Amino acid sequence: MLKSIKTAEVILSALPYIQKFRDEVFVIKYGGAAQIDESLKNDFARDVVLLQLVGIKVVIVHGGGKKINSFLDKLHIQSEFVDGLRVTDKDAMEVVEMTLSGLVNKEITSLLNKHGARAIGISGKDDNMLRAKSLDGGKYGFVGDITSVNDRVINSALAGGLIPVIAPIAVGDEYETYNINADLCASAIASKLKTKKVIFLSDIKGVLGSDGELISKLNESSISELKASGVISGGMIPKIDACLECVQSGVEAAHIIDGRVKHSLLLELFTDEGIGSVIR
């Protein structure tokens, strides 16, 4: 009996958050170990289904870096990273699009549907959802910088009770294809939709200070200091920039959480202490 009462208390502790977040739109960037480990994949899917059932509208933007690396290796295509971004030539771009839109996207969509969601897989090229130009004048090959987001398909899916699962592929003015960093893609979509939250699942606890301890709350000023001191560097830079960009455009909060932790989404959203870093 005591165990049952404790379980009820735990459930009720989430009630204020459920009431607060009902009918809000959350963008979730899904990547890292949570996208690879079978147990974590299923936990993620169940968490998303629960979010949908309590009235939260979920949009998922996914990465797929490890599977892209695997296919590039099999095809003997070299990978190079500059400033935390994958340099993508024409041959690599074909593999990136095939992997993200054709394989990873449908795997995620199917997994969500298996667990009771109604999910639909979408490429950023569909209905010209994501328009882009070459990033930094082609420094990174066919890596794009999003110039506009057309949210018609996303809003139609949400209105129909569906979870849009979006592959971060964009189209240029000449209908060339661009690879978009998934963090920046999630940020751009969250900014366009003016969502309550954008949540980045990654393979880190969050933003760590020079002492290795988690920094639970950040703002533009503290982020600038951490960049200047080199605490925020490498692949963390585009993730942090994505967070800042969407907060500056009207998103209430951006969260970076450890996707390696079981049910990390629920722990971040429905507990007082959370488990990651939040940027406001």
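Glycine residues also receive a Cβ, built from the backbone N, Cα and C atoms like all the rest.
Caution: TrEMBL annotation is automatic and unverified by curators.
Note that the coordinates shown come from a computational prediction; the quantities given were computed from them, not determined experimentally.
Take the substrate site that TrEMBL assigns to Gly64, Gly65, Asn179: the candidate from Arg46, Arg86 listed for it is Arg86. Taking a C-beta cut-off of under 8 Å and a sequence gap of six or more, Asn179 (substrate binding site) has these contacts in its own chain: Arg86, Thr88, Met93, Val96, Glu97, Phe142, Val143, Gly144, Pro168, Ile169. Within the model, the domain 'Aspartate/glutamate/uridylate kinase' (25-258) shows a mean pLDDT value of 94, rounded to a whole number.
A gap of 13 Å separates the Cα atoms of Gly65 (substrate binding site) and Lys29 (site 'Transition state stabilizer'). Surrounding the centroid of the Cβ atoms of Gly64, Gly65, Arg86, Asn179, where the record places substrate, the chain contributes additional residues within 8 Å, namely Gly63, Ile68, Thr88, Val96, Thr99, Leu100, Asn181, Ala182.
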